Amino acid sequence: MRKKIIAGNWKMNKTPSETVALINELKPLVANDEVDVVFCVPAISLTKAIETAEGSNISIGAENMYFEESGAYTGEIAPNMLTDIGVKYVIIGHSERREYFAETDETVNKKVLKAFEHGITPIICCGESLTQREQGITIDWIRQQIKIAFLNVTSKQAKTAVIAYEPIWAIGTGKVATSAQAQEVCHAIRDCIAEIYDEATAEAIRIQYGGSVSAESAPELFAQPDIDGGLVGGASLKPDFGRIVNYNK
Ligand code: 13P
């Protein structure tokens, strides 16, 4: 039985001091031992977030990371900078990074490999645009994203990975995918992992849905057999996140 994992992606929101206040506010609301709870916050707030979350069930993740160890890469964050302060997860290849910061399937793969090398769990994002969905190429597109993201990743590593399926047309639009649409793609992702590796790896890997997840839509989405939790944007900054994490109560 896979443990559900529900992560907030704070995106470019909250200053470090606002981060402390929000984590303190949400801490009692997100207590649920049956679920892994992760807050992914801007790099500048990671240290404060880790200090504030100490002793709670909240793990802290980064929203991005570079694929080199160190050197002349002005503005970038290296993997050992994250592990040094206790970061456990990192979002890789969010569609906003692909769209605004020129990330590609190839850079996603490099970052995924680096994260594993440093013992950081990657939350690997994939998703189709509205045009691709209308063209009927969603599954082909997602399979391609997954195959490249997992190049040279071992099955032992893949078993610990998290994949976030986030249809781009559902992000920040209030247009949540139906649970049937989300399940169909998450199932196809699991099949793809079984093809690359084996059934055991496919059964172990956790696949989240993301895109306008709310306290109202979460219970039905998370009840789907191949959906192991969510990657939540807007609603993760509000007390609603507590209701999402406690979707099963
Ligand atoms: P929203 O929940 O705001 O649609 O954002 C989803 C997302 O992009 C999470 O990574």
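One-based numbering along the chain as shown.
Just so you know, glycine gets a Cβ as well, placed from its N, Cα and C.
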Listed in TrEMBL for the substrate site shared with Asn9, Trp10, Lys11, Ser212, Gly233, Gly234, one of Gly172, Gly242:
Gly172
From the binding-site residues listed here (Lys11, Gly172, Ser212, Gly234), select those whose CB sits under 6 A from an atom of ligand 1.
Gly172, Ser212, Gly234
In Å, how large is the greatest distance between any two Cα atoms among Asn9, Trp10, Lys11, Gly172, Ser212, Gly233, Gly234, the listed binders of substrate?
14
In sequence order, what residues of the same chain, 6+ apart, have a Cβ less than 8 Å from the Cβ of Gly172 (substrate binding site)?
Ser212, Gly233, Gly234
Set of same-chain residues at least 6 away whose C-beta sits under 8 angstroms from Lys11 (substrate binding site):
Glu63, Glu96, Gly233
Taking the centroid of the Cβ atoms of Asn9, Trp10, Lys11, Gly172, Ser212, Gly233, Gly234 (substrate site), which other same-chain residues have Cβ within 8 Å of it?
Ile171, Val232, Ala235, Ser236, Leu237
Residue among the binding-site residues Asn9, Ser212 whose Cβ has the most other Cβ atoms within 10 Å:
Asn9
